Amino acid sequence: MMHVKHIALGSRLLPLSFACNPSEVVHVVGPNGSGKSTLLGAISGTLTQREGVSGQVLVDSNDLLTMPLSEQAHIRGYLCQQSRPTFNVDVFQYLALSLPTGANISDAKVRDAVNIVIELVQLQDKLHRSIQTLSGGEWQRVRLAGVCLQVWRTINPYSQLLILDEPAAPLDIAQEGLLYQLINAVAAQGIGVLVANHDLNRTLRYADKVLLLNNGVLHSLGHADEVLTEEGLAEVFQTQVRKVVLEDRPYLIFD
């Protein structure tokens, strides 16, 4: 279990606390500039005390933020918003760089994990392509495969947490479906998943817990039905919101 205690970064993110249980999918939502990326960067340890981060991220009573990044990488995977490296390697070489180090794992387990992940994101025909020739959506699927392999339990028994910052942004509708299948597959291994997300209808459907941020402040926290209310969303996003039910499933409609 992960306990975030009083995490903050100046005026960009005021102190907030919450927990993420094993297998729980937690979505962080809010308008642009509300502090979503700041929160995820602080929890991941890539934003540090030098940048003004305070608070604790406790995983099994150990503070993630006091560990070297090399040790953090065994416990959590972090995917920031889209970037493409300047170096040029094939997809399979990039995925090899993403594999966890230090664990005593067999080649067969690595092969099995890689095969499962690349099938989930449909990369089977892209393994020998240069990452520099991929479309934005293809590259994002490669990045998702890499970070999920970093925490995949059969090859990294120490993993506890997967952090994804706006992972659906470069994906089309069909590829978004693959993303949520991948998230479910990771969560099913007992790993908590923390996702910054803009598609509130996906959050309403897939999130176990939701944090709604506004101007660096935690507006509300709880189950999706409790947080994604017409009144709360209208207040935070400054737009009219209606919640409707179609075929027994709730949807949000924005003006």
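Backbone N, Cα and C atoms are what each Cβ position is placed from, and that goes for glycine too.
Database features, via Swiss-Prot:
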DOMAIN    2-240  domain 'ABC transporter'
BINDING   Gly30, Pro31, Asn32, Gly33, Ser34, Gly35, Lys36, Ser37  ATP binding site
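Residues Thr38, Leu213 surround the recorded ATP site, their Cβ atoms falling within 8 Å of the Cβ centroid of Gly30, Pro31, Asn32, Gly33, Ser34, Gly35, Lys36, Ser37, which are themselves excluded.
Each residue in the domain 'ABC transporter' (2-240) has a pLDDT score, and their mean in this model is 95. Among the binding-site residues Gly30, Pro31, Gly33, Gly35, the residue whose Cβ has the fewest other Cβ atoms within 10 Å is Gly33.
Residue environment of Ser34 (ATP binding site) contains 23 other Cβ atoms, counted within 10 Å of its Cβ in all protein chains. With every protein chain in view, the residue among the binding-site residues Asn32, Ser37 whose Cβ has the most Cβ partners within 10 Å turns out to be Ser37.
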